[in-house]
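The structure appears below as structure tokens.
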């Protein structure tokens, strides 16, 4: 269709973005001129819509030209056969010419490569030829008035001559031709006015009779034009609505696709692709299994680097929260860049400890060289910073080459990690190293092939673990200062005297923020930012772009459509083939081959059904006026007309009430179909009643007659006369009475075509049985079979239109439904990715980044005044961990650790522990915190006791969980817990692989509470005891304990919970008996047997012993 709503889609689907005030005002001024010829204000969007409707418009044009060709051909054939008729007019001999013209346009239109401009030109030519055809059908009498005898060459021109041809052409131009709405309306008005004017001036007749006939003709023209305008406007509005709905779904789909790409990139930045995709699939569709799935891979030839910033603790303690996060992000952001340059993968950041692996995701033969280069670059970076600020900062680096197991453990807050004895040794190498030196083992040295100068490292003199295992170490000797980072003008920033920590910290932050030196990215900024401006514009929310989905307003201007969305739709339209889409429909019934889709299609509400009934009521009123003007009065017809009008009024009232009351399902497809059929039959019965009253039923057997016609043998034959002079108008009313079928859009074409067949058959039977064709139609028309040709052509046009509308609506729905399904799929993917994202970051942190503007994104950090921090370690897990061929070099040991951590994670799924946030796992150490949800300071102070109580209960229940695992797995693991409370800083650092963490003295002390604690006990600080002493817990004072960096600290053991009377109801201790509680998650893992005696912890283990490389030292790095 051509004309279209301006900036919206009728009744729904949304319009677009409102323009400025000036453009809106201009649109309002033009509204009066363009109300019936609506289109999108955006030319690009309008062109898309034209392309969207091209094939359907081409099919409609073919149908229109076929009907017009049949019409002109039938009239030409009648002329060729020399059928008697009225006096010769201007149309004499023009019908064959018009038939040829319409057929020529039909051939041109059938060209597959026809484009929108060519189709519009074909439609305009067809309309022009239709206009000349209609004008020539007007009653222009060239032969003068009749000589009083029907036997003359022709009778006088009549007022009814050419009316049915004009009615048919007018309807076809509205319903099927691809011309603008204003052009179609103008055509209809010109045709009607021309016929009325010619009739009034050229047709000889008695004035009273002529004016009544002109009035009846005018009413019929009004009815056809009214129906045509309704069909044209609402058909196009519904199509534009479907187009905008599909576009909205595609827009949402693209927006969701971009969001999913961001989330996918985030996921890929945190985990290797192969691990991430496998975990994602299992996370969304958890397989049924007894054990939790472990995501561990083995790599036999890699190099591991551990690095620690020496002197960072004192500097960080003087920083504000924002400065600390900036410090960490700038430093580790630079380290991430260096890691990428040197083909290393950063694994984790632990306080100020940074470790990475080379040769992990992509095997490399020079992985040892890469790690050495990485270590030297890190030292150069810190050296540059130290020289610029005169702060005593340095880097201690340790390397080892060997085997690792990499992957993730647990069910929540996944973090990629590596485990093995070789990882532990690399960590020990860092601890035993010296500032400014790269400390390597003999194994790594052998992989360097003599490419670096080395010197003895004497690591065994500084570390007992190296001495015990007789490990020889070396230092890399750099030949010269390898990298001087530009952007540091030392003379401008070196102070004359030593600066205070606060000044140094501020200067360091500003210095590292210099883009020339450190191009550290904001975490998530590379993930959350789109690639180009067009893409960003296309990602605006649908509520901003499509504001009027429930109403079709012509004054809404679509000013700034998403260019990217339009380009995507354009590509879809290029690939779209209507024939391929028709494959989803049954060719004869046009039903969807998928039953479910057919059912959903029938559930759509017909928003124009009430309007169609109102229009039918108006048509009934027009029939009443025509009846009163020219038909003889009949009680039966009058009663039928009154009943028809009353029934239609009742239908309108019923539909209005149900719409106001919002009765669900009150107008199903079955009810709509039955009402449509009954209404059409009823309105048609009124016209058929007029026909019956005007036909010669009572005189068909009488010999007396005043009418003389020529028989086929050339003899004059006397035939009976008709009982009224308005037979032709009765037949015209029958033709117009079938038009209501065209305005019930949501009624399927099959029942319409069946009904049309019945009405046409009854029409022909009435004419044949009445003797009308044998009388030759009396004085009305000399062409006895012309009414039959008229009803057949009308029925053909209505059937083709019904099928075209049905195809159009079904294909529109199919395209919109497919777009909606894709959008829903992407929405599901988005929700799934968001679930995974919330499993990687705390919910409030993830939401912060999802809602942030990528252009203005800043570092995320948050200061908390009171947070409970817990470290829970299994110190004797290192005795269990062993690397043998029989356990796949330690994989089976990690499988059991995964079960333990997963069961701890499952505890957090309880609603009681919803405030606890898992931070990470460090080897066999589990770190969690409570009170990190953003709250006001007052609320935080009031709730800290309850928060700590929740954390304490969680720690107590962790002992129960570990006891059950011990019972089921023949082990005797022992838990050791430390809890502290105080201020912390939370934030996200690391641009390439963002990581959420918490820092502060509170975290360090909580780690020391674990490392200095006693196995099987929960050690807490004095502050925790003070906050929980009024709660139902039993505490035992341990006394003062020496804590690194803090001196002597008074600590307490939390022994368990007590009831209201002080009786201990839940205790902790090494001597307690382990009792199976029968948790469902652990049943069936192992047959219940008596646990083995506890394994004692070996004395003299280093801070990072085999199997758990970071429970105490690295975990307790001061932030």
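Placed from the backbone N, Cα and C atoms, the Cβ positions cover glycine too.
Swiss-Prot lists 1-19 with the feature compositional bias 'Gly residues'.
Positions annotated as transmembrane segment by Swiss-Prot, on the basis of sequence analysis: 64-84 (among others).
Within its own chain, the transmembrane segment (88-108) has Cβ neighbours under 8 Å at 62, 65-66, 68-69, 72-73, 75-76, 79-80, 114, 122, 125-126, 129, 132-133, 135-143, 153-154, 157, 161-162, counting only residues six or more beyond its boundaries. Annotation comment: Swiss-Prot describes 88-108 (among others) as transmembrane segment, evidence class sequence analysis.
Marked as transmembrane segment by Swiss-Prot on the basis of sequence analysis: 125-145 (among others).
Non-local neighbours of the transmembrane segment (158-178) in the same chain are 1-2, 57, 60-61, 63-64, 67-68, 71, 75, 86, 89, 91, 119-120, 122-123, 126-127, 130, 133-134, 137-139, 184, 187-188, 191-192, 195, 199, 203, 205, 210, 213-214, 217, 220-221, 224-225, 227-229, 231-232, 235, 728-729, 731-732, 735-736, 739, 742, 780-781, 786, 790, 793-794, 797, 800-801, 804; each lies 6+ residues outside the stretch with a CB under 8 Å from one of its CB atoms. Among the features that Swiss-Prot reports, transmembrane segment is placed at 158-178 (among others), with the record citing sequence analysis.
Annotation comment: Swiss-Prot describes 183-203 (among others) as transmembrane segment. Using a Cβ-Cβ cut-off under 8 Å and counting only residues 6 or more beyond its ends in the same chain, the transmembrane segment (183-203) has close neighbours at 2-3, 36-37, 124, 127, 130-131, 134-135, 138-141, 156-159, 161-163, 166, 169-170, 173-174, 177, 210, 213-214, 217-218, 221-222, 224-225, 228-229, 232.
Among residues of the same chain six or more beyond the transmembrane segment (214-234), those with a C-beta under 8 A of the stretch's C-beta atoms are 1, 3, 10, 36, 159-160, 163, 166-167, 170-171, 173-175, 181, 184-185, 188-189, 191-192, 195-196, 199-200, 608, 611-612, 615, 618-619, 622, 625-626, 629-630, 726, 729, 732-733, 736, 739-740, 742-743, 745, 801. Positions annotated as transmembrane segment by Swiss-Prot: 214-234 (among others).
Residue density at residue 311 (ATP binding site): 16 other Cβ atoms are found within 10 A of its Cβ, drawing on all protein chains shown. DSSP gives residue 311 (ATP binding site) a coil state; it is part of no helix or strand. The ATP binding site annotation in Swiss-Prot covers 308-313, 350-352, 396, 920, 997-999, 1004-1008, 1044 and is backed by similarity to another entry.
The Mg(2+) 2 binding site annotation in Swiss-Prot covers 308, 309, 352. The Cβ of residue 308 (ATP binding site) has 24 neighbouring Cβ atoms from other residues within 10 Å, across all protein chains displayed.
Look at Swiss-Prot and you will find 493-520 (among others) tagged as region 'Interaction with calmodulin', backed by similarity to another entry. On the 0 to 100 pLDDT scale, the model's mean across the region 'Interaction with calmodulin' (493-520) is 46.
Taken from Swiss-Prot, the feature phosphoserine applies to 551.
According to Swiss-Prot, the feature transmembrane segment maps to 611-631 (among others), an assignment based on sequence analysis.
Listed as Cβ neighbours of the transmembrane segment (635-655) (distance under 8 Å, sequence separation of 6 or more from its ends, same chain) are residues 609-610, 613-614, 616-617, 620-621, 623-624, 627, 667, 675, 679, 682-683, 685-686, 689-690, 693. Per Swiss-Prot, transmembrane segment is recorded for 635-655 (among others), and the stated evidence type is sequence analysis.
Packing against the transmembrane segment (674-694) from elsewhere in the chain are residues 612-613, 616, 619-620, 623, 627, 631-632, 634, 636-637, 640-641, 643-644, 647-648, 651, 722-724, 726-727, 729-731, 733-734, 736-738, 740-741, 744, 747, 751-752, 755, 759, 762-763, 766, 770: each is 6 or more residues past its ends and has a CB under 8 Å from a CB in it. Sequence annotations record features per position, and here Swiss-Prot assigns transmembrane segment to 674-694 (among others).
Away from its own ends, the transmembrane segment (725-745) comes close to residues 158, 160, 163-164, 167-168, 171, 175, 209, 213, 216, 220, 223-224, 227, 230-231, 234-235, 238, 606, 608-609, 611-612, 615-616, 619, 623, 626, 630-632, 672, 676, 679-680, 683-684, 686-688, 690-691, 693-695, 752, 755-756, 759, 763, 772, 777-781, 787, 790-791, 794-795, 798, 801-802, 805, 809 of its chain (Cβ-Cβ under 8 Å, at least six residues beyond either end). The transmembrane segment feature in Swiss-Prot is assigned to 725-745 (among others).
Sequence annotations record features per position, and here Swiss-Prot assigns transmembrane segment to 753-773 (among others) based on sequence analysis.
Within 10 Å of the Cβ of residue 396 (ATP binding site) there are 25 other Cβ atoms, across all protein chains. The secondary structure of residue 1008 (ATP binding site), as reduced to three states from DSSP, is helical.
Of all the binding-site residues given, namely 350, 352, 1008, the one with the smallest number of surrounding CB atoms inside 10 A is 350. Mapped onto three states, the DSSP output places residue 396 (ATP binding site) in strand. Look at residue 350 (ATP binding site): DSSP puts it in a strand.
Separating the Cα atoms of residue 1008 (ATP binding site) and residue 309 (Mg(2+) 2 binding site) is a whole-number distance of 20 Å. For residue 1005 (ATP binding site), the same-chain residues 6+ apart in sequence whose C-beta sits under 8 angstroms from its C-beta are 980, 982, 1021, 1043, 1046, 1049.
The separation of residue 309 (Mg(2+) 2 binding site) from residue 396 (ATP binding site), Cα to Cα, is 6 Å.
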